[in-house]
Amino acid sequence: MGCVFGKQSHPPSSDRRRRSKTVASPRHPRTRRRRSRGEPSTEISVVNAVDPVVDVEEKERPKQPKQKARHTGDFSVSIPAPERRRTPSDLNQQGWPSWLMAVAGEAIRDWTPRRANTFEKLDKIGQGTYSNVYKARDLLTGKIVALKKVRFDTLEPESVKFMAREILVLRKLNHPNVIKLEGLVTSRMSSSLYLIFEYMEHDLAGLAACHGIKFTEPQVKCYMKQLLSGLEHCHNQGVLHRDIKGSNLLIDNEGILKIADFGLATFYDPEQKKPLTSRVVTLWYRPPELLLGATYYGVGVDLWSAGCILAELISGKPIMPGRTEVEQLHKIFKLCGSPSEQYWKKSKLPNATLFKPQQPYKRCIAETFKDFPSSSLPLIETLLSIDPEERSTATAALNSEFFTTEPYACEPSSLPKYPPSKEMDVKLRDEQARRQRGLASKVNAVDGARKAKVSERANRAVPAPEANAEIQANLDKWRVMTQTNAKSKSEKFPPPHQDGAVGHPLDASHKGPLSFSATDTTFGSSIFNSKSSESAKNPGPVVGSSRRKKTNKDPQRAPSRKFIRGFKPSLIGLSMDFLFRGKSEVIRS
Ligand SMILES: Nc1ncnc2c1ncn2[C@@H]1O[C@H](COP(=O)(O)OP(=O)(O)OP(=O)(O)O)[C@@H](O)[C@H]1O
């Protein structure tokens, strides 16, 4: 941060915005974030005069920061005339900048911002799609904290609102298994905002990716108990998290698990349901109703993700690593069975006609997970119910026999003390290994290196790849073209104001899912084996946004895109079976 002065050096931002709108697809798959990825359009130069907190990013910011188009929903957000220059007089009495007061007044009510110069930034410890996270020392208390620097565009009130929603949600929650927002930091003239959190040493994805860590049954129960307790609190407070996955489950050195990253969370009222976007939750953990386009949903979405995590913790690998929405649904149907006739009728899901298989798929959770502890199966069956209502509640899950039969959950404090294992650490380790392999491959022939790369990636990346956007866009087009009564997209999907998170595509969280031992052989079932080998042959997208872009051009990924492009209105009436068959044929070729 430092002492930061605003300096106007760009052409009017509307120009840049116009340009950027042509860049991003309105159906960009990363629904995850509705916040802008673009830097504020007022260029900032940094003079680190007073603050001990040096903002590396601001120092290194390029002269012409690229702006990505922002889509709050299925459509671009209209943006009001930009404010040009910020001065200290923009701060109100408490020290909040006016742009924040104007749009996010409620989120910061009764709080006073901390000054940047009261923290010492120590290390970058995490990177999300819309944030960088730093380890820092609070110079007033000496405590180590995590500072999450949120990227958003002050000139786009919508993007500030999304950030404000995250703050509002966090302020409403107060539970040992939910990350606590301890305050906010603003710097005088810059438009950055930092969220102050308690510092957590690990995340479950990172731990799970550590070689040699295989959780025991009491340990799995311990983590699951904490996850479900945190979820129970969120749901009781009327909050849906909508992105439960390993890298969002932080763990401290005392073994305490806390649910983090509420950037996609929303308030909901089960008594007065409002339409919400279906384009949330990282693909591998996304429940079938969202893949089928549900806009009225509830706690079941988080419980499904919790079910995926439970099975993953026991098995040692992600259970349904799909690369596209179609493939994800296929994996779900193969494992959990396709929805019953009754459910298709009752749910009236937007994509039902398209995705309903001609031949129903049989549920085979018990056979697939036959080696799992027997008390875990009823809970997995419940959490992975196709009908969200059958998933029940976090409270019911906590009372299930999984937790009431021996061996019981261990105490968090008895969990092993792990070395630093942030997902970021794992990424860096992998990158280093890849580089080394690259060198080795020069000596050992290209082929061998490619194989190693494939097997290493197979279990890790969580895609909600750009192909998803494409498929959704095609499905929408197709629906419009084929339904006599076709509704417009805006009618099918709630407009942004109905759900702050609508439709801004969920770009794969490049966060790796839990990836435990790749050599796990616990599963005898053909379903599991086939899945694993499929992933191994067709590795998921690589981690990290820049690389993700590259992978779109990766021939390994092309088949699904090719398939999607070839998806014509004339396919109406062809079943999901056909779609799956067609897809796998293309993949094989
Ligand atoms: N309180 C914390 N203590 C330690 N590390 C943290 C903390 N909060 C976040 N991190 C690290 O930073 C990473 C990114 O944080 P977070 O998930 O909140 O950001 P994000 O931009 O919302 O990410 P994503 O793109 O996954 O949604 C986390 O995976 C984690 O490793």
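Just so you know, glycine gets a Cβ as well, placed from its N, Cα and C.
Summarising the annotation, TrEMBL assigns region 'Disordered' to 1-93 (among others).
The compositional bias 'Basic residues' feature in TrEMBL is assigned to 16-36.
Per TrEMBL, the feature domain 'Protein kinase' maps to 119-403.
A C-beta separation below 8 Å, combined with a sequence spacing of at least six in one chain, links LYS148 (ATP binding site) to GLY128, SER131, ASN132, VAL133, TYR194, LEU195, PHE197. Residues or ranges marked as ATP binding site by TrEMBL: LYS148.
Among the features that TrEMBL reports, region 'Disordered' is placed at 432-515 (among others).
The compositional bias 'Basic and acidic residues' annotation in TrEMBL covers 448-459.
Here TrEMBL flags 527-563 (among others) as region 'Disordered'.
TrEMBL lists 527-536 with the feature compositional bias 'Polar residues'.
Mapped onto three states, the DSSP output places LYS148 (ATP binding site) in strand. Computed over the domain 'Protein kinase' (119-403), the whole-number mean pLDDT of the model equals 93.
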